[in-house]
Amino acid sequence: MSRQSLTKAHAKITELSWEPTFATPATRFGTDYTFEKAPKKDPLKQIMRSYFPMEEEKDNRVYGAMDGAIRGNMFRQVQERWLEWQKLFLSIIPFPEISAARAMPMAIDAVPNPEIHNGLAVQMIDEVRHSTIQMNLKKLYMNNYIDPAGFDITEKAFANNYAGTIGRQFGEGFITGDAITAANIYLTVVAETAFTNTLFVAMPDEAAANGDYLLPTVFHSVQSDESRHISNGYSILLMALADERNRPLLERDLRYAWWNNHCVVDAAIGTFIEYGTKDRRKDRESYAEMWRRWIYDDYYRSYLLPLEKYGLTIPHDLVEEAWNRIVDKHYVHEVARFFATGWPVNYWRIDAMTDTDFEWFEEKYPGWYNKFGKWWENYNRLAYPGKNKPIAFEDVDYEYPHRCWTCMVPCLIREDMVTDKVDGQWRTYCSETCAWTDKVAFRPEYEGRPTPNMGRLTGFREWETLHHGKDLADIITDLGYVRDDGKTLIPQPHLDLDPKKMWTLDDVRGIPFGSPNVALNEMSDDEREAHIAAYMANKNGAVTV
């Protein structure tokens, strides 16, 4: 048996499966897809015997690197600006990983393919491993970084923060709604095949440039598993394509999955890479250049376009619009400014941009200074307490944004905002596609066909609404973003740990916080129309040349 080929071993495993012919199995995870005509193959023939030794070696490398980082005093060299953003990133990323593990039973239940079930089971183990080594990385940062505050509350903070809940929405997309939509198209075909390129390849490169070689070790270990996950997703995609009835659903899901991944992943990873780095070499790639290489060329041209030969309509318009938003509409820079605006309710510190940063941004994104430079200068000016409020509550020509109901990223490209009354509530969307996702895609019927398994976008999706009318100091206290002395805030708009320069609860007490979405629903029709027009026309202090 020890010399048996993998092919024969894989065949033996599939023989252990069985399909009852005397009864219809109970459906645990529903799907509107049909697989009656589907081919049933697993091209990689994944089995545990070859899998576990390989993963053990990768784990040994990860934990060896962690030990080496401590012995080599990595934390004396790593940039504080970079590690502060890891408080947010490493609070979010284990959740999508463990959600992906939860998604695998959904796919196994929904896909009648004994060959691929073993590969999906292996993927489930992968995702648990990924989450585990990421949590261990976060713990190591917490134990060795100069300012552990924020790392120590990430599990709680991730769930109650205005940015963390965007990541939660992203991860919950793997396990909610139609089983194939969630566990295959959204997770595997788009998130893992496309956006792990910037997440697990481009971002580790930036980490290394900032003195952090632990994150590259961990995330390259993660990325090395993705080829198998991509194979699983592609196999199920081909099964679905075998039945013409699935084509409208596939085209719907590709549009939704692509756009939601772009809205969330590009917002987060783009910000971490562009605004978390101190490496401003002129030959260093911008996020836009990384995106062009890793997403547009590597995924769109190499993976998506060939699907057209199967008669599938690819969302070319959304790919081009995502690129347009990153390059021409400054999507990532708008997100970074929003995160910095909200610094009092963060659990990480955000470093101010310097002249070196300004010069680099202007080199990579011509016109950046005219749009964002003045605001960042004001951020520097208002960084310390005593004579001013936090920047969100000062007059710096910046209007706090509405929240997108679908992707939950604020409506930052203001001219693209869509407003509509849906399910008895006035909702704002960052784009036409996010509005379509809520109003058309996630509904019990699609193009005249019943789609009962899609579900709805529900819940408390507007973070600001949960805290409407509260005092800012009370919000921060309720969130738990206060240091051990009971008064100093964990978040700061600078990296100076001098107690005299750090904001406390007393510095923010008496500042009322309001929700734009609550205000929108309280307006009359005329007031609402005027407000929306003014919001969409607001350039937020941009200098017109």
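Keep in mind that glycine also has a Cβ here, set from the backbone N, Cα and C atoms.
Less than 8 angstroms from the CB of Glu97 (Fe cation 1 binding site) sit Glu127, Val128, His130, Ser131, Gln134, each of them six or more residues away in the same chain. When secondary structure is read from DSSP and collapsed to three states, Glu97 (Fe cation 1 binding site) falls in the helix class. Sequence annotations record features per position, and here Swiss-Prot assigns Fe cation 1 binding site to Glu97, Glu127, His130, Glu226.
Residues annotated as Fe cation 2 binding site in Swiss-Prot, with similarity to another entry given as evidence: Glu127, Glu192, Glu226, His229. Secondary structure from DSSP puts Glu226 (Fe cation 1 binding site) in a helix.
In sequence order, Ala100, Ala101, Asp126, Arg129, Ser131, Val222, Asp225, His229 are the residues of the same chain, not among Glu97, Glu127, His130, Glu226, whose CB sits within 8 A of the CB centroid for the Fe cation 1 site.
Each residue in Ala100, Gln123, Asp126, Leu187, Thr188, Thr196, Asp225, Arg228, Ile230 lies on the same chain as Glu127, Glu192, Glu226, His229 and has a C-beta within 8 Å of the C-beta centroid of that Fe cation 2 site, without being one of the site residues. In the shown protein chains, 23 other C-beta atoms lie within 10 A of the C-beta of His229 (Fe cation 2 binding site). All protein chains included, His130 (Fe cation 1 binding site) registers 25 other Cβ atoms within 10 Å of its own Cβ. A distance of 7 Å separates the Cα atom of Glu226 (Fe cation 1 binding site) from that of Glu192 (Fe cation 2 binding site).
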